[in-house]
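What Swiss-Prot annotates here:
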- His31: site 'Important for tRNA non-discrimination' (SITE)
- Gly80: site 'Important for tRNA non-discrimination' (SITE)
- Glu170, Arg216, His448, Arg489: L-aspartate binding site (BINDING)
- 194-197: region 'Aspartate' (REGION)
- Arg216, Asp217, Glu218, Gln225, Glu482, Gly534, Trp535, Asp536, Arg537: ATP binding site (BINDING)
- 559-602: region 'Disordered' (REGION)
- 575-589: compositional bias 'Basic and acidic residues' (COMPBIAS)
- 590-602: compositional bias 'Low complexity' (COMPBIAS)
Amino acid sequence: MLRTHLAGSLRAEQAQQTVTLTGWVARRRDHGGVIFIDLRDASGVSQVVFREGAAAEQAHRLRAEYCVKVTGVVEVRPEGNQNFEIPTGAIEVNVTDLEVLNESAPLPFQLDDQAGEEARLKYRYLDLRREGPGHAIRLRSKVNAAARAVLAHHEFVEVETPTLTRSTPEGARDFLVPARLQPGSFYALPQSPQLFKQLLMVGGIERYYQIARCYRDEDFRADRQPEFTQLDIEMSFVNQDDVILLAEEVLSSLWKLVGHEIKTPIARMTYAEAMRRYGSDKPDLRFGVELVECAEFFKDTTFRVFQQEYVGAVVMPGGASQPRKQLDAWQEWAKQRGAKGLAYVLVGEDGTLGGPVAKNLTDTEREGLAAHVGAKPGDCIFFAAGTTKSSRALLGAARGEIARKQNLIDPDAWAFVWVVDAPLFEPTADATASGDVALGYSAWTAVHHAFTSPKPESIDTFDTDPGSALAYAYDIVCNGNEIGGGSIRIHRKDIQERVFKVMGISHEEAEEKFGFLLDAFAFGAPPHGGIAFGWDRITALLAGVDSIREVIAFPKSGGGVDPLTNAPAPITAQQRKESGVDAKPEPKGDAASAKPDAPADK
């Protein structure tokens, strides 16, 4: 090794020891001919001092981020010169020998200053030298190790599934890879290991996991990455409770890394309850504001706006003091979400109701409204009226905005909840309207994916009454973020074919695209289920950062662009020719025997 000690490991107990350190010049200060350098390596920072001799002469040319090796004696700093903000603040190293391992060009940004994200990603190798980004990547490694330890204890088998497979045009868009040896044909990068892990269960592996790289060619959305990571788990001969029990053990081990003890069992909430109370299937439970249903309260109203299928309200504590400009801004906020506006009533300090809606209410409605919704003097009541789904979604979003504006969220709190009993199917129009890519060609598509089992009570009726069928699925939510989701899978061919039929996938198409899975189900496929955790989001939460880009070593920026390597980039004419990217595939008689990968798992 070029060094004897790590810079961040030195303490007063090592005084008078001769040590050799390596690292980068973080800061340089000259004081009357004495040069002080903050030397940084992965472990931390030590102050090194050049007082006299050849080493001190050399030190005059040191600049920020020079890579150096120093040898010297550990000394206790003089009284009054200690820096108790860092672990090494009681000592310094009196340097006797200096070797410059490599110089540094002028920096595009100072590492101890704020920098724009584009510059940080373009020079990510410099950004990673900073304490925050470096800590996030090291934390991610600990997260991986903690999960592996739990799963190894339970005798899970880590299996690598293929990353070159076949495209599924009905799923989310795939990244395609030309097959040079079969011009005109393409592999697809997997959106998840879903079907392969199910085949592992058929193969008798019984307990599988993988820290899996997944790929989705999606339109740009904030804080999404085209390549991402999930902890993928599958188990045979289990029910929902078994998977949840293991998942809670994994999560507990992860949150212990940041000193938090998760109280288990984690509470469960049905999808219907989450939507009714919070307007979201991933509710943030760190604050207590809830939606209040008002359709019954306004059943005899003469106010046409409230003569709707659904009328609901959410209270903004202290919101009555908002200026008119802010109340108008709420209307624009609602319109950006596809609503016509956000009706409101202001509750005065004397209990009287104000605002444009109040004058349209009857005396009886005005007298009972505050009590019905739980509003106090000084509060603002926001309303949504229309279809149940869209109105609840608007109020749920307003609930989150209220919490942020009124500082209702404890930033140090952790609130976990399982959301269970979601619908098995949703109208295809709803899925496409929300930006999802619907699988199948009928009026119904899968909420999770096509391989999720119906709940036992829905097995006999899900194809005759798709709108009422419940999924044998479970999502884990932390602080309003869905950090994982899974389900008990279909393991019987007849049930899988019935699900495909509901989704408008014909028998012939199912055989062509998923025949290998259907064939496998015919050979004693065991009951099985699993879960996939969003590894980037979990690590971001643990690291206390807002964006998943902060916990990915080399992330993409907006639109999937990599500022560091300038990827994606055009390929040469020779590469196009060799790859066969422009070739038309030859017709194949056995095309129906080729099989696809599946949509992303939850």
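Just so it is clear, glycine is given a Cβ too, placed from its N, Cα and C backbone atoms.
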Notebook entry, point to check: Any idea what DSSP makes of His31 (site 'Important for tRNA non-discrimination'), helix, strand or coil?
Noted result: strand
Margin query: For Gly80 (site 'Important for tRNA non-discrimination'), which of the three DSSP-derived states applies: helix, strand, or coil?
Written below: coil
Note to self: For Arg537 (ATP binding site), which of the three DSSP-derived states applies: helix, strand, or coil?
What the structure shows: helix
Checklist line | Residues Arg216, Asp217, Glu218, Gln225, Glu482, Gly534, Trp535, Asp536, Arg537 binding ATP per the record - widest CA separation, whole Å | finding: 21
Check: Counting across all protein chains shown, how many other Cβ atoms sit within 10 Å of the Cβ of Arg489 (L-aspartate binding site)?
Finding: 23
Check: So which of the recorded positions is most packed in, judged by how many other Cβ atoms lie within 10 Å of its Cβ, out of His31, Gly80, His448, Glu482, Arg537?
Finding: His448
Item checked: Alpha-carbon spacing, His31 (site 'Important for tRNA non-discrimination') to Glu482 (ATP binding site), which is rounded to whole Å -> 53
Check: Just how many other Cβ atoms lie inside 10 Å of the Cβ on Arg216 (L-aspartate binding site)?
Finding: 22
Next item on the list: Can you grab the distance from Gly80 (site 'Important for tRNA non-discrimination') over to Trp535 (ATP binding site)? Cα atoms, rounded to a whole Å.
Entry: 45
Next item on the list: Using C-alpha atoms only, work out the spacing between Arg489 (L-aspartate binding site) and Glu482 (ATP binding site) and round it to an integer in Å.
Entry: 20
Next item on the list: List the residues of the same chain that sit at least 6 positions away from Glu218 (ATP binding site) in sequence and have their Cβ under 8 Å from its Cβ, in sequence order, or write 'none'.
Entry: Ala172, Arg173, Arg224, Pro226
Check: Where Arg216 (L-aspartate binding site) and Glu482 (ATP binding site) are concerned, what is their Cα separation in Å, rounded?
Finding: 18
